[in-house]
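Asker: Got a structure for you, questions after.
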Amino acid sequence: MNYTEIMSYVFTILFRVFGFLLVLVVYILIAFVGWVYFKTILPSKFHQNPFLLVFEVAFFIWILTAIIITFTKSAFVRGGAVPYDLLENEEKNEISKEKVNTDPITTIINQDNLELPSLSNYTWCSHCNKVKPPRCHHDSITHQCVLRMDHFCPWLNNTIGYFNHKFFILFLIYLFLGCSYLAIITLKPFLIDLNIVSEDNDADGTLVIVFIISISSLAGVGFLSVWQLYLLFTNQTTIEFYINHTLKSIAKQRGIKFRNIFNIGKKENFKQFFDLHDKYWFAFLWSFGKKEGDGLHFPTIDTEIDLPIISFEEDNLNI
């Protein structure tokens, strides 16, 4: 190992320890909010309509439970490792001999189309020293290739990939709903604390803290939720978005049409992502089961013509 490699691994260890602490902080915040709700907020609602009260409590319990489940699965379900026996030895040797050290982005071009790689385009990861399937990328934090990698999240201390991406988006959705609800019901105590609203009794300090936590989380979670949903409906990952953006620019310069071959339509993208099949669309809300598929094979847009293959180096695309 040289000095650079040693420092890289030291940084990784420190980063993972920091990530573990962040995960612990999230669990503590969830526990704190749950405690405040049942100790302070719920008793203050006993005077309201019993049917409304039951509905509100059931809603909160459902949201809280869903947040815990989806956060836990996002943090502890791995994004997906490349199978060791992905290809036969002869095929591996053939790919490795090409010495594709910068993970080329293979695109298919003719006078009308510029498309992302077909499922048969495997490359060689010089970091892992193994075959890398399409939509797979090397994670510099965990030092391994992750299937359909989106990004590494420090708050989860985990890489978001094929097998945990749906849990991550569900976590964002439920967290947004939970924070919105808490911000609404703790707004009045916050305004009382600022003397904007008059009240005989002082506001409970814990309710003010919950309001601040909720509002602080809403901005970031809201933006990230919209971003991730956009990627979901267009069948891209964060990494692929930047790759596609670059390829779109190349296509525009050449006066040709760009297509993401994995984008099979908003409805089908949604069903594929949450493994819905013929279920009702809202069934995604309890899609807590193991992700189906292997992270290697994806449906694509039908292509009827054989197109020549041209490779672009990732370094040249500023990825």
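Every residue, even glycine, has its Cβ placed from backbone N, Cα and C.
Unlike curated entries, TrEMBL annotations are predicted automatically.
From TrEMBL, for reference:
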DOMAIN    122-243  domain 'Palmitoyltransferase DHHC'
TRANSMEM  12-38  transmembrane segment
TRANSMEM  50-71  transmembrane segment
TRANSMEM  167-187  transmembrane segment
TRANSMEM  207-233  transmembrane segment
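Describe the structural context of these features.
Answerer: Through the fold, the transmembrane segment (12-38) approaches residues 60, 64, 67-68, 71, 75, 141-143, 154-158, 178, 182, 206-207, 209-210, 213 of its own chain, all at least 6 residues removed from its boundaries and within a Cβ separation under 8 Å.
With a threshold of 8 Å between CB atoms, the same-chain residues lying at least 6 positions outside the transmembrane segment (50-71) that come near it are 26, 30, 33-34, 37, 42, 156, 167-168, 170-171, 174-175, 177-178, 181, 285, 288.
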Asker: So, by DSSP, how many helix, strand and coil residues make up the domain 'Palmitoyltransferase DHHC' (122-243)?
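Answerer: Tallied per class, the domain 'Palmitoyltransferase DHHC' (122-243) gives 63 helix, 18 strand, 41 coil.
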Asker: Take every residue in the domain 'Palmitoyltransferase DHHC' (122-243), average their pLDDT values, and give the whole-number result.
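Answerer: Value for the domain 'Palmitoyltransferase DHHC' (122-243), mean pLDDT as a whole number: 89.
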